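The structure appears right after this line, and notes come after that.
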Amino acid sequence: MITCSAPGKVYLFGEHAVVYGESAICCAIELRTKVSVEKSDEIIIESVLGRTGLDHDNHPYVSYVIEKMRQFTDIQGVHIVIESQLPVGSGLGSSAAVTVASIQALNHLYECELSLEDIAKTGHEIERMVQGNASPTDTYVSTMGGVVMIPQRKKLDLINCPIVVGNTHKFSSTKELVGNVAKLRSDFPSVVEPILSNIGQMSILAERLVAEGDYETIGKLMNINQGLLDAIGVGSAELSSLVYAARGSGAISAKITGAGGGGCMVALARENNAQDIAKAIEDTGGEAIITKNTAEGVRLESLHG
Ligand SMILES: Nc1ncnc2c1ncn2[C@@H]1O[C@H](COP(=O)(O)OP(=O)(O)OP(=O)(O)O)[C@@H](O)[C@H]1O
Ligand SMILES: C[C@@](O)(CCO)CC(=O)[O-]
Ligand SMILES: [Mg+2]
């Protein structure tokens with residue numbers, strides 16, 4: 001049996017706008033998805049979503065991974081077991097992490113010799129197949145780790161402050177939210193395109209700020225980004241409550257992360273106030289997770305049997 005894992009992510013800037021080629025800055029976090037694989041007589045996929053065979057309704061990402069990997073090797077039967085620290089459908093890149101960890105696990109099991117670049121590219125193709133429209137961001141950062149700027153695919157310095165995630169526990173589907181933004185953009189191009197382009201500008205400004213470790217200025221821009229995400233309709237009352245609770249308890253910044261509509265928000269904390277922010281999020285009805293940026297992308301956890 002071979003086990004690989006891949007990290008989830010939070011966006012400092014640029015979700016949704018990056019789907020239209022604008023810049024985004026995305027950060028891998030210490031919460032990971034683990035995928036174990038071994039050869040078997042049939043295809044079995046086991047996760048918190050159930051136990052299925054190749055099944056595009058219940059396990060779309062992993063089913064596409066198996067089909068894509070058949071371009072590189074002959075996969076007959078395989079038993080895949082998924083365990084994840086990432087909430088499903090919540091803005092922390094659970095789909096990218098399960099996709100990337102599954103590709104790497106099969107890559108090792110069948111000795112396909114795919115490089116990290118190949119894995120990120122294959123992962124992006126799969127997110128596009130399931131979502132209809134997807135940027136390379138989530139799969140690239142889950143593969144490479146660290147902090148990445150997309151579409152440049154440039155690695156930036158690590159973010160050295162605590163990251164507090166607040167989960168509304170309201171499930172959202174990235175495919176659906178990306179579709180809603182596409183509709184708004186086509187209904188009101190003269191209004192929505194400049195908003196997306198302004199979101200993109202924040203990453204361009206923030207690239208230097210990340211190198212300087214100027215989190216206070218990064219935070220001001222993240223708060224502006226939050227307002228623009230609300231403007232394109234991916235906010236919710238629950239997300240706003242958690243955002244204001246985090247800011248009210250001393251967070252440097254707080255915004256939605258990922259597709260929105262529900263799911264999670266992210267706050268940057270100062271050295272000493274992550275616990276206070278977590279408590280404010282919990283008192284407002286959310287679940288708080290204190291995490292950190294990680295340099296490590298997809299990795300082999302164990303080879304045994
Ligand atoms: N632990 C898991 N086991 C199996 N499939 C999973 C798991 N986690 C996520 N998935 C797949 O990913 C889908 C959710 O992906 P979606 O892109 O909608 O949300 P997300 O990736 O959590 O958030 P975002 O894309 O905004 O970061 C699930 O419906 C499921 O198909
Ligand atoms: C909403 C979105 O920008 C981020 C989802 O984590 C979609 C994508 O980039 O594919
Ligand atoms: Mg996703």
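Note: Cβ is positioned from N, Cα and C throughout, glycine not excepted.
What TrEMBL says about a protein is an automatic prediction, not a curated fact.
Look at TrEMBL and you will find D138 tagged as active site, proton acceptor. Per TrEMBL, the feature ATP binding site maps to P87, V88, G89, S90, G91, L92, G93, S94, S95, A96, A97. Residues annotated as domain 'GHMP kinase N-terminal' in TrEMBL: 61-146. Among the features that TrEMBL reports, domain 'GHMP kinase C-terminal' is placed at 209-284.
Here the features listed in TrEMBL are placed on the structure.
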| residue | record | DSSP (3 states) |
| --- | --- | --- |
| P87 | ATP binding site | coil |
| G93 | ATP binding site | coil |
| D138 | active site, proton acceptor | helix |
Other residues, Cβ within 8 Å of P87, V88, G89, S90, G91, L92, G93, S94, S95, A96, A97 Cβ centroid (ATP site): G8, L86, G258, G263
Cβ neighbours of D138 (active site, proton acceptor) where a neighbour is any other Cβ within 10 Å: 32
Neighbourhood of G93 (ATP binding site), C-beta criterion under 8 angstroms, separation at least six: P7, G8, K9, L86, D138, V141, S142, G258
Among G89, G91, S95 [binding-site residues], residue with fewest other Cβ within 10 Å: G89
Cβ contacts of P87 (ATP binding site) (under 8 Å, same chain, 6 or more positions away): S94, N167, H169, G263, C264
In sequence order, those binding-site residues of P87, G91, G93, A97 whose CB lies under 6 Å from ligand 1: G91, G93
Contacting recorded positions, sequence order - P87, G89, S95, A97, D138 vs ligand 2, Cβ under 6 Å: D138
Cβ contacts of A97 (ATP binding site) (under 8 Å, same chain, 6 or more positions away): A6, P7, G8, R32, T33, S84, L86, S142
DSSP residue counts for the domain 'GHMP kinase N-terminal' (61-146), split into helix, strand and coil: 49 helix, 7 strand, 30 coil
